[in-house]
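Per TrEMBL, the features are:
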type	residues	note
TRANSMEM	46-76	transmembrane segment
DOMAIN	49-419	domain 'Major facilitator superfamily (MFS) profile'
TRANSMEM	96-117	transmembrane segment
TRANSMEM	124-143	transmembrane segment
TRANSMEM	155-178	transmembrane segment
TRANSMEM	190-211	transmembrane segment
TRANSMEM	231-250	transmembrane segment
TRANSMEM	309-333	transmembrane segment
TRANSMEM	358-377	transmembrane segment
Amino acid sequence: MAANPKASAVMSHKLDAEHTETALVIEQVAEGETTLWTSMKENPRVIVFAFLANCGSFLFGYDILVQGAITALPMFSITFGSPFGNQMILPALWQGLWQGFNAIGIMLGAASNGVVMDKFGRKIMFAVGGLVSSVGTALVYVASDVGGVDSRRGVLLAGKFVIGLGMGILMSTCQTYVSEISPPRLRTVLLGFYAFFITVGQMMAISVVFSRVTVMDSSALKIPFASQWAFSGYAILVAVLVPESPVYLANCGKMEQARKAIKKLTPHGSVDERISVILATSDQETTPDGEAASFADCFRGTDLRRTRIVAVLNTLQQLIGVSLVANSTYFFIMAGMSPTMSLTINQAGVGASLGGKIGLVFAGFCVVGFVVSFFEIPETKDITYGRINELFQTRTPARKFRAMAVSYEAEDTAATRDA
């Protein structure tokens with residue numbers, strides 16, 4: 001296990017146990033006395049930077065709908081399909097491969113990004129994700145020009161995989177960055193931008209594809225694919241505009257840079273207080289001998305529970321039928337619907353049934369997801385990271401998370417006032 005990278009550089013800032021607890025208590029009490037509206041007024045720059053940082057979810061929403069909706073275009077079937085009777089159809093194998101390799105790319109990009117992001121920072125990974133996704137976009141853009149249908153399919157497959165890598169990098173960077181710059185009172189709202197931008201990206205995608213449904217040349221495919229370069233450029237621009245995460249800088253021992261980042265995020269806040277909270281939270285995440293936690297620790301002890309919760313939440317996104325909805329336009333066409341009507345239904349978001357039973361499978365998963373979420377997922381609203389860490393370490397049941405947090409908050413408030 002590697003030594004804590006901030007140990008030598010921040011030795012003078014190292015907090016003893018009492019100071020650590022005091023810093024976290026002060027933060028908890030202060031947040032408990034701050035309303036959502038007050039926090040929004042005090043942190044306008046944080047809101048703007050969180051808004052900008054959601055380039056990953058924007059690209060994800062756009063890409064996941066494009067890869068499904070574009071199959072409804074007659075030109076796509078002509079370019080990538082195989083003859084079947086008097087029509088061209090897309091082999092189910094290749095449809096599955098395009099989606100599957102895109103998902104594999106996302107997984108690899110996100111999994112590898114944790115180590116890289118901790119080494120090089122959050123800002124640079126926005127740029128890296130944008131560059132990687134731009135390469136993938138270039139591949140899918142030229143796929144229709146390649147000779148031989150199998151070669152065209154293969155180039156498209158490679159492009160979807162590389163775009164997935166870029167999305168995985170951007171999505172994980174976005175969530176990490178927003179969570180690190182957000183005060184506890186605003187964290188839920190700002191992380192909610194993630195789902196909002198996915199939806200906006202999806203609506204943009206279906207609208208762009210819809211505009212190409214009657215076009216019978218290569219531009220019918222190239223324009224929806226080429227438009228993804230805009231998201232890559234957006235990600236690179238974000239890397240230039242947003243300040244580096246003060247959490248990353250402080251943990252690397254770059255205290256002056258961390259102070260500058262905090263001032264850029266919240267110019268009217270207490271820099272020293274914020275630094276103390278960051279270091280106090282970091283101290284809680286180190287082992288008793290002062291070494292940083294490793295990825296292996298995610299699968300041991302109380303941390304295994306956290307890993308399980310994260311895995312369940314991300315898996316539920318697929319189990320509720322996202323992939324089915326993404327390909328609904330092609331399913332409608334196979335059921336005899338015209339491409340225009342198919343895209344219109346998708347654009348309006350109507351859950352029309354084709355008579356198949358696969359939707360019932362996903363409905364069952366939704367019920368399972370509801371039950372698992374109710375009993376397994378703890379409520380973390382308005383709770384600081386330090387307090388969340390404490391609740392996990394004390395093995396607090398999910399249904400008692402909120403009550404215990406309120407109890408601790410009352411004790412902290414009383415202790416602070418007595419002092």
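Heads up, the Cβ atoms here are built off N, Cα and C, so glycines get one too.
All annotation found in TrEMBL is predicted automatically rather than curated by experts.
The stretch from 96-117, 124-143, 190-211, 231-250 that makes the most Cβ contacts under 8 Å with the transmembrane segment (46-76) is 190-211. The stretch from 96-117, 124-143, 190-211 that makes the most Cβ contacts under 8 Å with the transmembrane segment (231-250) is 124-143. This prediction places the mean pLDDT of the domain 'Major facilitator superfamily (MFS) profile' (49-419) at 82. Residues 60, 63-64, 67, 125, 128-129, 132, 136, 156-157, 160-169, 171-173, 176, 248, 295, 323, 326-327 of the same chain lie 6+ residues outside the transmembrane segment (96-117) yet bring a C-beta within less than 8 angstroms of a C-beta in it.
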